[in-house]
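Structure first, commentary second.
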Amino acid sequence: MIWHVQNENFILDSTRIFMKAFHLLLFNGSFIFPECILIFGLILLLMIDLTSDQKDTPWLYFISSTSLVMSITALLFRWREEPMISFSGNFQTNNFNEIFQFLILLCSTLCIPLSVEYIECTEMAITEFLLFVLTATLGGMFLCGANDLITIFVAPECFSLCSYLLSGYTKRDVRSNEATMKYLLMGGASSSILVYGFSWLYGSSGGEIELQEIVNGLINTQMYNSPGISIALISITVGIGFKLSPAPFHQWTPDVYEGSPTPVVAFLSVTSKVAASASATRIFDIPFYFSSNEWHLLLEILAILSMILGNLIAITQTSMKRMLAYSSIGQIGYVIIGIIVGDSNDGYASMITYMLFYIAMNLGTFACIVLFGLRTGTDNIRDYAGLYTKDPFLALSSALCLLSLGGIPPLAGFFGKLYLFWCGWQAGLYFLVSIGLLTSVVSIYYYLKIIKLLMTGRNKEITPHVRNYRRSPLRSNNSIELSMIVCVIASTIPGISMNPIIAIAQDTLF
């Protein structure tokens with residue numbers, strides 16, 4: 001009898017929860033329409049995988065790419081609409097959040113064609129790979145629009161869990177397993193610290209979880225200058241720091257970059273930074289409005305350490321992927337300058353602009369690494385010597401992307417850094433900008449060192465990997481080359497037409 005009553009109560013409670021969820025989705029679904037497209041794509045992938053054979057592999061790529069493109073289209077149609085808060089305050093849609101969602105979708109759209117040939121050559125499971133990529137993209141998009149502490153914690157965990165699985169996708173590779181274990185342990189520790197910071201913020205604000213309500217709660221409780229807020233600030237900075245991977249929270253980055261499959265590294269190197277940057281700007285700018293001097297100081301320290309350590313250690317690397325890992329640590333130092341400058345001096349606009357260029361530069365470089373790795377089986381920098389003699393197209397593409405990363409005019413990377421540093425200088429961050437300029441010169445050195453190897457490798461320096469290299473035609477149906485061409489063009493041409501890009505970025509501010 002007791003069991004029967006409990007069973008009825010369980011059914012009633014489950015029905016109420018389902019009806020409430022259906023009601024929320026019915027009246028708020030339009031606010032997450034781009035995310036719903038991705039969810040529908042995920043369901044289609046699962047259905048095709050369960051009901052068909054491996055001959056339908058092209059359909060899997062087509063559905064993944066189409067769902068991403070449709071999601072981008074839905075975002076563009078929603079552009080310039082009035083800011084809205086939905087799902088009982090859990091989610092916010094505005095131009096600022098949507099530009100970051102667009103960047104994440106752009107990353108994923110470029111990464112899928114970059115992965116096609118790699119997956120086929122390495123015989124990795126296709127459906128699971130695409131499912132993890134789309135789910136991670138979904139988590140990143142929800143993080144960009146998150147408006148309360150619970151969503152800000154759950155969304156990056158969705159992204160992180162898929163990242164752990166993707167980084168350990170080659171289970172038989174010892175380096176991949178080691179990198180995944182380190183990534184998982186450090187990710188779990190950072191999430192715990194992040195929740196600890198949220199608990200202090202929740203308690204100090206009188207039990208509020210929405211970002212703007214936390215500010216009002218801190219004013220009502222007079223706790224905005226309390227030691228608890230300082231503890232929350234430090235803990236949240238550490239938690240977000242792991243996602244952004246600035247120094248000294250970068251320990252996982254080189255190992256994961258080196259040990260994970262190259263398309264996975266390409267995906268993680270940009271999407272994690274875009275999503276974490278979107279979250280960082282809103283968390284620091286809204287709940288910690290009264291502690292702006294403190295978080296500015298913390299981020300300045302992180303930016304200086306990242307720019308110096310990232311670029312100096314990159315000089316000594318012998319692996320291309322490991323070199324790009326330390327390079328990305330230096331690059332995030334530049335992005336942090338935009339976060340510190342904030343909304344007042346176009347800091348966020350400069351950060352968004354540079355992030356757009358960084359996506360093209362970084363993914364273009366990784367596309368070259370994927371292509372070279374599939375044809376030679378190595379990513380050692382020495383083995384790139386003399387590549388121009390065998391494959392001028394690949395060598396020139398690599399050189400353009402590396403020069404753009406270094407900030408050589410008239411490429412996009414130069415104008416992105418110029419705008420970012422100019423905004424920092426206007427905001428009075430003279431020391432930080434000076435460090436950025438000096439470390440940019442250092443980065444040019446190790447990028448040029450690689451380009452010199454590519455173009456002028458002597459016969460005695462050319463390794464068997466390049467001697468036996470299979471020449472590729474200039475025009476090819478190779479999907480990796482398609483992504484590479486798009487990224488190379490985006491790394492060069494936008495530098496000439498900066499004004500429209502800056503205008504769009506400025507239009508996204510709060």
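First residue shown is number 1, and so on along the chain.
Backbone N, Cα and C define each Cβ position, glycine as well.
If you check Swiss-Prot, you get these features:
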TRANSMEM  31-51  transmembrane segment
TRANSMEM  57-77  transmembrane segment
TRANSMEM  124-144  transmembrane segment
TRANSMEM  149-169  transmembrane segment
TRANSMEM  183-203  transmembrane segment
TRANSMEM  229-249  transmembrane segment
TRANSMEM  295-315  transmembrane segment
TRANSMEM  323-343  transmembrane segment
TRANSMEM  354-374  transmembrane segment
TRANSMEM  395-415  transmembrane segment
TRANSMEM  418-438  transmembrane segment
TRANSMEM  484-504  transmembrane segment
So which of 31-51, 124-144, 323-343 is most in touch with the transmembrane segment (229-249), counting Cβ pairs under 8 Å?
323-343
What same-chain residues lie close to the transmembrane segment (31-51): Cβ under 8 Å, and 6 or more beyond its ends?
59-60, 63-64, 66-68, 70-72, 74-75, 78, 84, 86-87, 91, 93, 101, 105, 127, 130-131, 134-135, 137-138, 141-142, 145
Do at least three CB pairs under 8 A connect the transmembrane segment (395-415) and the transmembrane segment (295-315), leaving out pairs fewer than 6 apart in sequence?
no
I'd like to know if the transmembrane segment (323-343) touches the transmembrane segment (124-144) in this structure, counting it as a touch only when three or more C-beta pairs sit under 8 Å and are separated by 6 or more positions.
no
Where, among 57-77, 354-374, 395-415, do we find the most CB pairs under 8 A to the transmembrane segment (323-343)?
354-374
So which of 57-77, 395-415, 418-438 is most in touch with the transmembrane segment (354-374), counting Cβ pairs under 8 Å?
395-415
Cβ contacts under 8 Å made by the transmembrane segment (57-77) with residues that lie 6+ beyond its boundaries:
33-35, 37-38, 40-42, 44-45, 48-49, 98, 101-102, 105-106, 108-109, 112-113, 116, 126-127, 130, 133-134, 137
